[in-house]
Amino acid sequence: MKPFKVVAPFEPTGDQPQAIERLSEGVRRGAREQILLGATGTGKTFTIAKVIEQVQKPTLVLAHNKILAAQLCSEFQQFFPENAVEYFVSYYDYYQPEAYIPTTDTYIEKDALINDEIDKLRHSATMALFERRDVIIVASVSCIYGLGSPEDYRDLAVSLRVGNQVDRDYILRRLVDIQYERNDHNFVRNKFRVRGDVVEIFPAGATDRAIRCEWWGDEIERISEFDPLTGEITGTMTHVAIYPASHYVVADEKREQALRSIEEELEERLKELRAQGKLLEAQRLEQRTRNDLEMIREIGFCSGIENYSRHLTGRKPGEPPYTLLDFFPDDWLLVIDESHVTIPQVAAMYNGDRSRKETLIEYGFRLPSAADNRPLKFAEFEERINQVIYVSATPGPYELERVPPSLVVEQIVRPTGLLDPEVEVRPTKGQIDDLYAEIRARVKKNQRVLVTTLTKRMAEDLTEYLKELGVKVRYMHSDVETIERMQIVRDLRLGVFDVLVGINLLREGLDIPEVSLVAILDADKEGFLRAERSLIQTIGRAARNAEGKVIMYADRITQSMQKAINETNRRRAIQEAYNRKHGIVPKTIVKPVRDVIQAVKPVAEAGPANILDTPPHEIPKVVAKLRKEMMQAAKDLDFERAAEIRDIIFELEKKKRGA
């Protein structure tokens with residue numbers, strides 16, 4: 001087995017060495033739950049990478065959205081170039097779940113656009129878990145949604161070994177059984193082609209490698225790996241396993257058993273509906289279910305086959321589904337990034353899914369067993385955890401209640417020597433004039449300012465007022481799309497404008513080194529946006545600049561404000577003491593400004609100045625070019641860039657549907 005090995009141009013510094021040692025020791029001693037309480041910009045990802053290197057366990061890193069998961073995956077791939085770092089998120093570029101609205105008698109068909117590249121990465125992730133131990137999978141909450149049985153996925157893999165006596169046609173039938181298609185002309189993922197005694201297979205989890213298997217009579221004579229584009233042989237092997245093209249594949253005997261089980265449930269449910277006088281619902285359910293059964297019998301699957309997953313995997317009613325977590329070996333490590341956001345998100349998934357399914361079941365669109373195609377309940381998620389490290393600058397009440405203080409590991413000192421910003425409270429009387437004076441002082445130094453308000457109206461009025469005073473200012477509200485949001489952040493960094501006004505700026509993940517002032521208006525209005533955790537996160541936006549400062553405008557100091565100020569001052573004191581002891585002078589982080597639309601420049605140059613202004617009739621052509629760029633970015637392991645292009649494609653397609 002290849003061990004985890006971190007490759008980095010720097011060594012752990014500041015608080016990192018003690019954090020790495022304490023967390024690693026906790027894992028080795030069998031501590032089930034630990035917290036890495038790391039301030040913004042202290043290098044938490046590097047610390048976790050070093051912990052993985054120390055404990056040598058297969059690891060799942062859970063992030064609360066696709067973009068963050070892509071960024072983390074990219075970082076871990078740089079730290080672990082010799083190990084398997086995989087990416088597992090929802091493969092839907094666009095997803096409209098099946099639903100029924102009784103008040104208007106409206107049935108909404110499931111509509112989805114599957115990203116083939118992400119589907120490939122999901123297969124690559126599950127295959128890696130069966131073939132090696134040095135695996136890190138970075139995932140979104142998609143990992144708690146139903147997946148097929150890991151036993152079926154592993155047992156149905158087609159094993160090819162040099163010297164084995166096996167009929168070539170038998171192997172071809174096995175490939176069809178696991179949902180590979182024969183195509184001698186269009187050789188792409190999930191396809192195979194046959195040329196005499198040579199069978200070539202393009203595995204489900206591969207991008208640029210295919211398998212060539214050569215027979216001599218009934219004996220496998222040679223197995224080689226080759227580049228499907230050039231045909232160049234890149235290596236030979238004695239054994240290879242071809243894993244199924246779908247995570248929902250099942251053996252023939254299991255499928256027959258599942259069909260009988262679905263028939264039985266259908267008959268039972270039809271009796272119930274007819275007894276209740278719901279004849280329309282009964283007719284609808286019978287027609288839809290029998291169509292699905294026919295499809296499964298004929299071709300092995302149907303649209304919406306996941307709704308029958310309980311029968312296909314042989315589970316009892318109410319039993320939790322198989323998920324990515326079941327593909328991990330027993331001795332695994334879970335890292336929950338930004339746990340104060342991710343934990344509540346995991347907890348909320350089940351209830352939202354359940355209410356939609358209940359309506360579909362009640363009105364005869366689905367069998368009751370469809371409710372068992374679901375995400376894990378939070379208690380089920382907890383049961384599956386072996387060992388976990390919660391990572392956050394502001395851990396939530398759930399983590400803090402469960403983890404004893406001795407297992408809360410602080411990482412306060414930044415490798416750059418940067419301090420948490422000074423926090424000052426000023427009265428609200430004359431606050432706008434005071435803020436204007438502060439903005440002017442920052443603009444003279446070529447620095448940027450973030451202003452956070454409580455209401456949309458206040459943000460809009462403040463933006464207009466500052467514009468009238470000649471300030472280059474923009475307002476970022478919740479309606480701003482992902483791509484435009486990225487462009488706004490980029491323009492702020494480049495100095496196209498100097499002040500960004502918003503309501504919930506902390507959710508944007510705005511780590512902008514040029515920001516030296518964060519102004520919090522109405523800081524004394526208690527609520528979600530002015531709670532201790534939110535205030536600490538907002539204060540952290542000024543922690544990347546050596547001159548970082550936070551001004552809270554308030555007429556009184558609330559408990560949340562006091563706690564946030566005390567915690568910031570505590571961290572700042574620790575950081576100052578460390579800097580004095582080691583003679584470190586804080587320096588603002590130097591971070592290159594990346595062109596967020598760089599990914600689409602070749603397309604944009606040939607079209608409108610803003611790609612989102614593309615006329616509807618030209619959108620299909622532009623989307624086709626963008627998809628090629630996205631595939632190339634993913635191939636280059638630049639998932640952040642690929643995700644940006646994906647968002648542009650999504651918004652263009654939404655615009656076309658609207659037109």
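First residue shown is number 1, and so on along the chain.
Every residue gets a Cβ built from N, Cα and C, even glycine.
Among the ranges 91-114, 475-498, 619-642, the stretch that Swiss-Prot annotates as motif 'Beta-hairpin' is 91-114. Cβ contacts within 10 Å of Thr40 (ATP binding site), excluding its own Cβ and spanning all protein chains shown: 20.
Mapped onto three states, the DSSP output places Gly43 (ATP binding site) in coil. Note on the binding-site residues Gly38, Gly41, Gly43: the fewest other CB atoms within 10 A surround the CB of Gly41. Most Cβ neighbours within 10 Å, among the binding-site residues Thr42, Thr45: Thr42 holds that distinction in the structure as shown. Cβ-based neighbour count (10 Å, all protein chains) for Lys44 (ATP binding site) stands at 22.
Those residues of the chain, other than Gly38, Ala39, Thr40, Gly41, Thr42, Gly43, Lys44, Thr45, with a C-beta within 8 angstroms of the mean position of the ATP site C-beta atoms are Thr47, Ala393, Gln411, Arg414. Gly38 (ATP binding site) falls within a strand when secondary structure is assigned with DSSP. Contacts of Ala39 (ATP binding site) defined by a Cβ separation under 8 A and a same-chain sequence distance of 6+ are given as Ala393, Gln411, Ile412, Arg414, Asp420, Gly540, Ala543, Arg571, in order along the sequence.
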